[in-house]
């Protein structure tokens, strides 16, 4: 395509001119020739010293030997200083040590932000405090992290010594001990090689990380050897964490238990309500069945009475004339009376003492003997209620007659009858051997 371009554009694509050749300024390395070549040292061996005449070499110390030497020199120098200061140290003549040493408590590992008033509030719970002395640095004026507390009574100091060790103040657990400088013979502070704990015995292999007072009296009640203080404190912290965790678990379990109890009570209430509803429905069904059973029983007794009257009605109907008129015939206990139909004066097919009548009597006696005690009690209660209502109704009629003089016309056609007539009307039997209906029930005639 470029060959079809015009010349002015083809000139833009033309190659550059080649670089002009210039001769090198010096020869190449392989072309150089040295005028003085290297040679050996054999001519100079006779000029060396004899190795047998040389002095022995001096041995220089290594880095490890130098560090060990400096450490040893430092320990020796520190021991000399401690011995010098120990000769001058007298705790009984210390101007900073004031008050009774047997009432003074030593508190270490105090937070640098803790004030004297805070210490007083924390340690006044064990007894009245006489004086608190917090130690500060003489050069910078900053707190050193320990203090001395003097109580008014020695028993309060012992109580604080026993119970305040390990107490957390401003986020740090303090160490509580007695003042040993003036109370323990031969006691030396830590700066003079004494003190408590094993954090400055030597290297990391012999030092312990946490230290505290060696109070073996706190472990007298426990069997076996007394544990180390820092391990005991760690165990106490772990025990506290476990107790707090158990308390939280118990609280959660209590909340779940209360929730379960509420759900259980709700389910129990629903269950009781359903059971009561079922019982009510069962009671209704039972009452309905009982009413239907009573109705069937009344119908059965009515049929039996009719059958008795129909079967044994020939014995006593001859003299009555069959029609009856105004007299009300009372059936006898044996069931003899005027039959409902048939000519008067005729006896039954077998007579009053036939085998059919005797069989009916046996069946009736058997049915009566098989009646349950509950039915008899119900019948007696019903009869008693009827008698009571009948007596109340009779007394009300008597009062009405006494007030109205017999002319009020409220006796429904019975005002012409006397008390005997009304009683006879109330006691009259029906045509089927039952008393007159009252309150919807047919009463069976009482046996004479």
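Note: Cβ is positioned from N, Cα and C throughout, glycine not excepted.
Noted in Swiss-Prot for the protein shown:
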type	residues	note
COMPBIAS	60-79	compositional bias 'Basic and acidic residues'
COMPBIAS	192-201	compositional bias 'Gly residues'
COMPBIAS	207-254	compositional bias 'Basic and acidic residues'
COMPBIAS	269-286	compositional bias 'Basic and acidic residues'
COMPBIAS	294-310	compositional bias 'Basic and acidic residues'
COMPBIAS	311-327	compositional bias 'Gly residues'
COMPBIAS	355-403	compositional bias 'Basic and acidic residues'
COMPBIAS	404-419	compositional bias 'Gly residues'
DOMAIN	103-181	domain 'RRM'
MOD_RES	2	N-acetylthreonine
MOD_RES	118	N6-acetyllysine
MOD_RES	126	phosphotyrosine
MOD_RES	226	phosphoserine
MOD_RES	268	phosphoserine
MOD_RES	332	phosphoserine
MOD_RES	408	phosphoserine
MOD_RES	419	phosphoserine
REGION	48-79	region 'Disordered'
REGION	92-202	region 'Required for interaction with U1 RNA'
REGION	187-439	region 'Disordered'
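Of all the modified residues listed here (118, 126, 268), 118 has the Cα closest to the Cα of the residue listed as 'N-acetylthreonine'. The CA atom of the residue listed as 'N6-acetyllysine' is located 57 Å away from the CA atom of residue 268 (phosphoserine). According to DSSP, the residue listed as 'N6-acetyllysine' sits within a helical segment. Within the model, the domain 'RRM' (103-181) shows a mean pLDDT value of 93, rounded to a whole number. The modified residues examined here are 2, 268; by Cβ neighbour count within 10 Å, the least packed of them is 2.
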